[in-house]
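Enquirer: To start, I am sharing the structure in question, which I have written as structure tokens.
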Amino acid sequence: MTVIDKLKAVFSSDSPSSTSAPTPTPHPEGHAPAHPSEPDAKAVPETAVLSDKPVFDQGKVTVIFVLGGPGAGKGTQCERLVKDYGFKHLSAGDLLREERNRPGSTYGELITEYIKEGKIVPQEVTIKLLENAMSSTLASPPSFPESAWSNGQGRFLIDGFPRKMDQALKFDESVVKSSFVLFFATTEAILLERLLERGKTSGRDDDNKESIVKRFRTFVETSMPVVDYYRKLGKVVEIDSSPPIDEVYQKVKLEIDQRLGGQSQSQGHVPAANATSTSTDAENATTGAPVLAPAV
């Protein structure tokens with residue numbers, strides 16, 4: 001019996017209808033539940049219990065969510081932002097894979113089964129790993145630029161998260177509120193081509209066509225509602241990631257300069273409270289980014 005089967009057995013003991021969780025949907029502003037329920041929570045160890053109030057001060061810690069379909073180029077663009085702006089880049093996927101491979105991991109088997117099936121790992125596990133990584137970084141901050149990491153300040157790019165509405169709401173509630181979302185959009189055909197090419201050398205067991213298609217479907221069904229939710233709040237910066245890497249980065253850099261006041265590594269840090277200016281629908285429309293089509 002796989003971990004997934006065990007989880008289903010646990011869920012069915014509570015309610016006949018709980019074996020299949022409905023796809024989370026965004027809630028109107030001001031009407032989102034404070035504690036969204038999620039069956040997966042019953043399957044995770046107590047070590048993943050989250051705080052009921054933000055761990056970090058939004059006035060000191062800036063968090064930008066970086067979203068996009070698998071293969072959209074999130075990691076590549078984040079690497080450049082780290083170099084030019086002094087961000088700490090945290091990849092939810094990398095943290096999960098590292099935890100899965102860590103000897104003696106409490107969550108290793110569970111993470112393995114979820115990744116293999118192309119499903120989203122329970123939010124408690126992912127959020128706790130992100131919180132721990134942020135705490136470790138703030139405890140031993142980067143030395144450059146000093147102004148961005150002094151007196152408890154910090155700036156983070158969180159890549160590939162949140163992937164569901166309940167993740168977004170719970171992170172805001174228990175870790176820190178995000179400043180805005182950087183969303184990389186392109187077509188599914190381009191994503192598939194990129195991932196198959198990457199799979200030749202990546203060594204990742206989910207860079208095969210079957211897993212890629214599952215990841216496409218998961219992204220469209222669960223993550224696009226998150227993007228739409230933040231878009232309604234005016235917190236989405238949408239970038240067409242179809243062009244060459246350098247061209248995409250120039251667009252990204254312009255947007256970051258606007259929201260961080262042009263603060264590169266050689267300049268001072270802007271507190272998160274001052275970095276939350278958001279793009280309008282008209283600004284997003286100027287990118288001309290194609291909408292990610294559902295997988296077929």
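The backbone N, Cα and C atoms fix where each Cβ goes, glycine too.
On a predicted model such as this, the values are computed, not experimentally measured, just so you know.
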Enquirer: Of ARG80, ARG97, ARG259, which one shares the ribonucleoside 5'-phosphate site with LYS119, ILE120, VAL121, GLY160, PHE161, PRO162, ARG163, GLN167, ARG204, ARG215 in TrEMBL?
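Expert: TrEMBL names ARG97 for this ribonucleoside 5'-phosphate site.
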Enquirer: For the ATP site that TrEMBL lists with GLY71, ALA72, GLY73, LYS74, GLY75, THR76, ARG198, give the additional residue from the candidates PRO122, PRO142, PRO145, PRO243.
Expert: PRO243
Enquirer: Rounded to the nearest angstrom, how far is the Cα of GLY73 (ATP binding site) from the Cα of GLN167 (ribonucleoside 5'-phosphate binding site)?
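Expert: Each residue's Cα considered, GLN167 (ribonucleoside 5'-phosphate binding site) and GLY73 (ATP binding site) end up 22 Å apart.
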Enquirer: How many helix, strand and coil residues does the region 'NMPbind' (91-121) contain under DSSP?
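Expert: For the region 'NMPbind' (91-121), the helix, strand and coil counts are 19 helix, 1 strand, 11 coil.
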Enquirer: In Å, rounded, how far does the Cα of PRO243 (ATP binding site) sit from the Cα of GLY160 (ribonucleoside 5'-phosphate binding site)?
Expert: 20
